[in-house]
Amino acid sequence: MSNITGKSIATLILFVLSIIFVIHDVNFPVKLPRYGKRTIPINLTTAPILAIAILWASQCLGPAQIRDGIVGTEGVKPYNILILFFSLAYMAITLDVTGILQSAAYWVSNRGGASGWRLFTYFYIMLTLLSVLLGNDPVILSGTAFLVYYTHVVEELTDPLPWLISEFAAANTASMVLFVGNPTNVVVCEGFGVNNVAFTAYTILPFLACNLFCFFALAIQYRSSKYIPRRITPTKLDVRSVLLDPVSAWVGSILLGSCLIVIIIVSFFGVDVWKISLPFAVAKFIWDMGWGHYQYLRRRNKVKSMQDSPVLDMSSSMRSDATTRRDTVESSPDTEKTLVDNHPPSPMGLTRLERLHEHFPTFFTALPRLPFALIPFAFSQFILIEALAHQGWIQVFAGWLVRASHREIHPTIWLIGVMGVILCNIAGTNIGATILLTKVVRAAEMPPHSLRAAAISLAVASNIGAVSFTFSASLAGLLWKTILGQKGINIRQFTFAKWNVFPLLSMTTVGLAIVSAEMAVLYHGSDSLE
């Protein structure tokens, strides 16, 4: 603590304050000349940036720390992480726009039949598998809307909360399998030098244990029939009705699958993965624009040919057919009517954005779903952590870790794992917690086997830590809460925490126990990496 100064304390205080406003945003009313009363939001996007501005003005950090927070240090490259994340997010979200994920949900629902528990189990398995492949955010985007709709139309499902909480837990737990499943995984791989394939090899067993115990915990706390009814009225859903664009669904699936395979292969050669994911995302963008333009011209020419027909008034028949199709689609949540209309609406009265949406529906439907708030937030978190390091706090925290763990494997696993789960709630989402603990562990100068143990423990904690006490424990939690609010379902913070406590404790215990067992087997009597 000898290196801690007044500026160091001020930096830590501002870091904590920014986290408080991330967890609980506020709006300050101000009166501006010529504009009248306005509100200034202090939230996930603005609070870290404001903290950086104050720290810069007070000379607690400088241009070097800002640059390091963007370019990266010690192998952690923020731009790499964000390009990779957005590339994969774009491919996954545009795949969802085709209706394929909702179509899968309809198929699973039909297989569930009249058994409430069988249906609950099938949904849990489906959401888990989809989240392993696509990551948590796309599944939460699609799955949350579907479950709200489904629990509304099935009269026996009077409480949607058990289904929604279970979906959230399954999606976030499954994102630990692939290093591309969560931005925190990429931070761990970059920061600790973990090979991308090795990452999955280390996390697959903790994932299986966490996923299974999470299901048991959910089943125990929702054992009453008022939550999961024993019998429900079977609802036959038309799987094809929500598969809006089968061709794009095939193309998107092939591109995303190929991208993940190539990333795994090149990971053995030390290639930055964003150099692989970005070209695939660009290829998907070109397809979306080209296919959208082709479909638009096809619909327009079809309408024109029918209008020119002297035999009968095809336009009225056309409108009737389009209306029927729209009614079918509107029975489903959040589907995009423009993908299935037989003809584009008249451009008269449409704004430029609406005309673009008609012309390129996939891209302009996916665009607002991309988590753009992650960009300033993630860079701000990296910069604030660099400010803490500049003011000596990372070394202080590293000293505490060394004294508590003695640099031994198993104490390190449990300390980093438990602290990771806690810090997900109080360190500005799981991204902030992962960045902070990565810096601390590296500064502690652990031996190689303890360093690897800390990396895998942090990977597990940063994913299950999203299933936590605050919505802001992850960006997925904030997204989930926003979607539910738009659907008229408001879940209180206390309710969210209450239903997550038991699954979280179960997963933390079994997940870290599996990591300890793995490290005991791998490094028994050895002080070096494989």
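FYI, residue positions are counted from 1 along the chain as it appears here.
Glycine is treated like the rest: Cβ placed from N, Cα and C.
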161-181, 392-412 - the range that TrEMBL marks as transmembrane segment: 161-181
Leading contact stretch, 40-58, 79-101, 201-222, 413-436, 456-480 vs the transmembrane segment (501-523) - CB distance under 8 Å: 201-222
When counting Cβ pairs under 8 Å to the transmembrane segment (243-270), the leader among 79-101, 121-149, 161-181, 413-436: 79-101
Stretch of maximal Cβ-Cβ contact with the transmembrane segment (413-436) [cut-off: under 8 Å; candidates 79-101, 121-149, 161-181, 201-222, 456-480]: 456-480
Stretch in 40-58, 121-149, 161-181, 201-222 most in contact with the transmembrane segment (456-480), if contact is a CB pair under 8 A: 161-181
